[in-house]
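A.B. asks: Submitted below is the structure of interest, expressed as structure tokens.
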């Protein structure tokens, strides 16, 4: 196993009355009262104008003006503070609403419409496995991919497999690894193999911690309950087992499937979901109540399953169909038949098997993989009442595993030349490897609401 910051100026005009000098004495003519009134009026206006331009602000008036400015500034600051507090309150209320909806399993972030198809040149390819990749997980911080082997595109650590029959002296797996999971705090990595064994590792160092035994068939599904170190496992022996990793302890076993279990998933609730292969059932296991709900819908072997949130899940089958389910309905809410098309001669066409599915948690975006040289992304309709194709990503080979990053910024595909559950046929043109597909989004307005309550 391998691990892959002014003043204005004024002018005045003097009016001088001239005397008329004559040879005879003529009494001086008294100016008319009208003339006096006009001169008097003009002079008064000019004096008032001079006073206006030469006006000096008194200390008291200056204090009053500054006080008014200060009050206006305080008012503006209070209004801005109120706006900031209102925005922060709305933000907190929005987050609390999301938490409540997530706990109820009803949170659906509407982001599918904003995801842009990636350019082929943007897809990163990480090679290193000689055999087909059967499973992978991404650490909660999106920094590390276990397939088991890479960190930021560089080989981080290799846990070599041993030969069959060396189980007693070899630390690690000696058979094909079929499944793996990582705890939500990134502390523990669990892996399951064809030899019926579950290995527990320290995720950061890949140090081997425990070995769980008890299954009577290959271990085909593993999942940590979110927020805990409770581990659920599924096997070809048709059973589901519960383990406590902190205590290195077995808890209980649940039975119900009539055929091998091909996949398992869980979130925060004390329950898990499983795909039952050729018994054509999906089951929801209520661990505390030791009960189960049985769902029917696919016509072929159900080979993969993934929870979208606590209430909805996606499955894929070898009849070529992808189905969307509610844990409250015994039949699928929506089914897309021949989701990846068909192959074969005319009249003998067979649908491409759906080998893997993935869901971006608490959103309306899911993905499916087959061996028709493409990964298909889907948009879940309102209230999960339909599946609409978004776009496809060309990729040659069997898409044996798909995982969205926690941030939703990329999708990781584990690709092999052969199907993860058997060597029925081989695609020679395919390359075993990990493909990191960026999921860019359209630019959005910050005020645009992207949360929907079901």
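Backbone N, Cα and C atoms are what each Cβ position is placed from, and that goes for glycine too.
Because TrEMBL annotations are produced automatically, they should be read as predictions rather than curated entries.
From TrEMBL, here are the annotated features:
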- 1-60: region 'Disordered' (REGION)
- 170-211: repeat 'WD' (REPEAT)
- 212-253: repeat 'WD' (REPEAT)
- 254-295: repeat 'WD' (REPEAT)
- 295-335: repeat 'WD' (REPEAT)
A.B. asks: Mean pLDDT across the repeat 'WD' (170-211), rounded to an integer, is what?
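C.D. replies: Mean pLDDT, the repeat 'WD' (170-211): 91.
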A.B. asks: On the DSSP side of things, how many residues of the repeat 'WD' (254-295) fall into helix, strand and coil, could you say?
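C.D. replies: Counts, helix then strand then coil: 0 helix, 22 strand, 20 coil.
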A.B. asks: Let's see if you can do this one: DSSP helix, strand and coil counts over the repeat 'WD' (212-253), in that order.
C.D. replies: 0 helix, 24 strand, 18 coil
